[in-house]
């Protein structure tokens, strides 16, 4: 065998950015393992309990970018108890001890303390990017520490976090020498910000390309900021209220006209329909538009704006857009690739804001559509069959019918054939969420056709264990399976042990799994953590009642090299 110099091998490895590929080459021999671990610059950890933080830091001491995910995805729907875990502290502490060159940290669904942010800010002299998504546990004091000490910060991105507001001081903690910001997003912070500090910060950030403001930022402040950021590409507006002064909006219009590079808009907090006309001149150049925080706008307001966005590729909107509004999307946005329609708070029984008609219209008019999240109150098989034929390039298809177990609204039949068409026609489908009245037949279709599927979400579906077994046996690339309120039990859980060797995780809540079944799984698969979650009182009542084979309230199963975690609360039992 011919051996290349280590420098040559490392150079070859640099052409393998995908973590999966690098993991593979590290298994070839000890020499390659050493070269790969010392040259790895980016590490992704999909489950913070799958491996110990110290082990990651020891293996990859030269890592520059670290991504860690915490709580299961169903935490977004309040199905994971608040104190379940997902703590960022051990990861930041391990990195501070062993990865001194860390420059970027991204965390999702994790509990991040102010103390951890303080440690982060003081430990990495070349730290450049902090991205926190759906995290909690920290306050603006932690952000103040990051602003004060991370003097090379390029990106501070706070998305959908629960942040305790302790005043507007944090924004003034960026030193005068901080001129490196490229992206700043604090839209999720609920408190006031210091307008003067914000204006000064953006004024000395010539490379700023993305800025997303919270609802406390006034129109007048927004106009002043935009005059200082003519190269902005992504803007999250502040508060566009009905109580406005015309002079401020004219200033805003003048400032927006100078933003020739702007391609994405979001925000529109408490937006007044009157203010939208000031945005119209920008619409023709937009490729991204997020109107999901604008409940004050009705279908007419939305369509007047969207009809002008002829280059739009990504649209997030509330269901108040209506089917007619989606027809406007279909006729105007021919390049649309991603559509998300979220439920609004206002709903009248018997009235559906968006239905199968709007979805079919978009599929007909937007042939490039490949990613969908669609909340609605009704659907038909015929519509789903049409959508599948019109848009066979879906990689993500998430349909959420808000009334559990609702059948085809026309035929009253299960929606098996509709979802069957989706998995049959969309060969590259990687993520799927299904809902409505569904039998085991739909899972037979999924197991047979969804060969590229990596994540499947199931709610209120299926007849028997056979449904889940179709998926476990057929979907060879499945990484994450999450199920709620479905009749799958021990036979499905224990039907294919080998599948757990390649899956990242399984979540089951309000199903028919018993404690005995969980114990069998844990004994057969020692590389798994089998977590039984009993929120009711944290007692061991399930263990004490073996005779009736009590059902498990919630089950979380995941592969791990770390063994049982040591921070589990008393309502979590790790078998």
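The backbone N, Cα and C atoms fix where each Cβ goes, glycine too.
What you see is a predicted model, and the numbers here were worked out from it, not measured in a lab.
Listed in Swiss-Prot for this protein:
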BINDING   69, 108, 109, 340, 396, 397, 398, 431, 479, 480, 504  1D-myo-inositol hexakisphosphate binding site
DOMAIN    1-45  domain 'F-box'
REGION    343-348  region 'Interaction with auxin-responsive proteins'
REGION    400-404  region 'Interaction with auxin-responsive proteins'
SITE      134  site 'Interaction with auxin-responsive proteins'
SITE      160  site 'Interaction with auxin-responsive proteins'
SITE      375  site 'Interaction with auxin-responsive proteins'
SITE      484  site 'Interaction with auxin-responsive proteins'
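Counting every protein chain shown, the Cβ of residue 484 (site 'Interaction with auxin-responsive proteins') has 19 other Cβ atoms within 10 Å. Between the C-alpha atoms of residue 479 (1D-myo-inositol hexakisphosphate binding site) and residue 375 (site 'Interaction with auxin-responsive proteins'), the distance comes to 24 Å.
Cα proximity to residue 398 (1D-myo-inositol hexakisphosphate binding site) (within 10 Å) is found for the following recorded sites from 134, 160, 375, 484: 375. The record assigns 69, 108, 109, 340, 396, 397, 398, 431, 479, 480, 504 to the 1D-myo-inositol hexakisphosphate site; their largest pairwise CA distance measures 26 Å. On a Cα basis, residue 484 (site 'Interaction with auxin-responsive proteins') lies 18 Å away from residue 504 (1D-myo-inositol hexakisphosphate binding site).
Its Cβ taken as reference, residue 396 (1D-myo-inositol hexakisphosphate binding site) is surrounded by 17 other Cβ atoms within 10 Å in the chains shown.
Straight-line distance linking the Cα atoms of residue 109 (1D-myo-inositol hexakisphosphate binding site) and residue 484 (site 'Interaction with auxin-responsive proteins'), rounded to a whole number, equals 19 Å.
Ranking the recorded positions 69, 134, 160, 396, 484 by the distance of their Cα atoms from the Cα of residue 375 (site 'Interaction with auxin-responsive proteins') places 396 first. Regional average pLDDT for the domain 'F-box' (1-45) in the model is 72. Nearest neighbour of residue 134 (site 'Interaction with auxin-responsive proteins') by Cα distance, taken over the recorded positions 69, 160, 396, 484: 160. Calculated from their C-alpha atoms, the gap between residue 160 (site 'Interaction with auxin-responsive proteins') and residue 69 (1D-myo-inositol hexakisphosphate binding site) amounts to 15 Å.
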